[in-house]
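J.: Positions annotated as compositional bias 'Basic and acidic residues' by Swiss-Prot: 221-249, 265-278. Annotated domain 'GST N-terminal' per Swiss-Prot: 2-87, in sequence order. What Swiss-Prot records for 88-221 is domain 'GST C-terminal'. Taken from Swiss-Prot, the feature domain 'EF-1-gamma C-terminal' applies to 275-436. Among the features that Swiss-Prot reports, region 'Disordered' is placed at 221-278.
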Amino acid sequence: MAGGTLYTYPDNWRAYKPLIAAQYSGFPIKVASSAPEFQFGVTNKTPEFLKKFPLGKVPAFEGKDGFCLFESSAIAHYVGNDELRGTTRLHQAQVIQWVSFSDSHIVPPASAWVFPTLGIMQYNKQATEQAKEGIKTVLGVLDSHLQTRTFLVGERITLADITVTCSLLWLYKQVLEPSFRQPFGNVTRWFVTCVNQPEFRAVLGEVKLCDKMAQFDAKKFAEMQPKKETPKKEKPAKEPKKEKEEKKKAAPTPAPAPEDDLDESEKALAAEPKSKDPYAHLPKSSFIMDEFKRKYSNEDTLTVALPYFWEHFDKEGWSIWYAEYKFPEELTQAFMSCNLITGMFQRLDKLRKTGFASVILFGTNNNSSISGVWVFRGQDLAFTLSEDWQIDYESYNWRKLDSGSEECKTLVKEYFAWEGEFKNVGKPFNQGKIFK
């Protein structure tokens, strides 16, 4: 498996499909969803990106061999395995059937109903009621089909289950309250089964079904609309009559709306207000994290990246932490343990700009442990500073390191280089993951 890079923006439900498929197949996939690797609305409009992906849409996949692919279902098909695609011609056709069903019959009404509740789209009562009826219809079809089945196709999870689950995700999280979903118990049973599979949880985290149907909030909608500044009117200086006539003829052409080429889920991202920067109060630091990441990615760790790190590290503006997974007795197969690490990294995408970590799995199947070294902006444990970052961190014990101590220097060297004695662990190195 050559692997590749998935370009997307954070929390893009369409990107969940290939990411979950990759969890099942073991396909090595790197997510690029934040600067400097990828910045939505900027990178995807560059000539270089459009040459590879003419529509400029995400998710988009680029293999290490230069192979490029767009459309989330196609990417999921590519990174998946034969079991996910269907092991017989009949099953393969049925998988395609449910993927098409999802795109054609679930996504449109789901968007029309859910987006207004998120403040992304203006509320229209008639459109919302039609969407509710459309969702009742598709849930009825699914409920009948799942009455005697555990999964949509065959006896195991396939791309059909992954695709339909992702399309229903925001419905279950936002509007399908208990009374609405009650007639469709088979669908809910199947949905809960899917989202609680380790491969799904590694990407989605814990999925909580909504308790009360979310409603349109006019105030929230108004707040999420991009503000347009009205230029102040100034009295023009007297001009010759001829010039005035020419100005009337040359009326300015309005600039096209930047959202015109976005689909609804991308408009959601564009309309989403920027979260408050938890580090806005901190003085500017001399340590440039992005520059260190470039050194770490492109240069030798021991001879270039580590010397650069210690030469430029700002101990007043940054802190180094050691983390150890609390429940090693629950770790079984190595690949499942790695899913815990990669899943946490994927859900912490919004922390990448101001964070770096090397997390390592030690040991073997049924006898392993997870620990890592993290670097954060400021002196506090980053996860507590923003709701966007409060993900999985409570499953670890955290200890702040003294950056001037020999212990810290040894841990940073061993964990960043993935080599050393690791005396604090007592198990051999298995594999590591980098958060950057």
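The backbone N, Cα and C atoms fix where each Cβ goes, and this holds for glycine too.
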J.: So what's the mean pLDDT when you look at the domain 'EF-1-gamma C-terminal' (275-436)?
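T.: Over the domain 'EF-1-gamma C-terminal' (275-436), the predicted model scores a mean pLDDT of 90.
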J.: With DSSP, how much of the domain 'GST C-terminal' (88-221) is helix, how much strand and how much coil, in residues?
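T.: Taking each residue of the domain 'GST C-terminal' (88-221) in turn, the totals are 98 helix, 0 strand, 36 coil.
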J.: DSSP helix, strand and coil counts for the domain 'GST N-terminal' (2-87)?
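T.: Within the domain 'GST N-terminal' (2-87) the tally stands at 34 helix, 15 strand, 37 coil.
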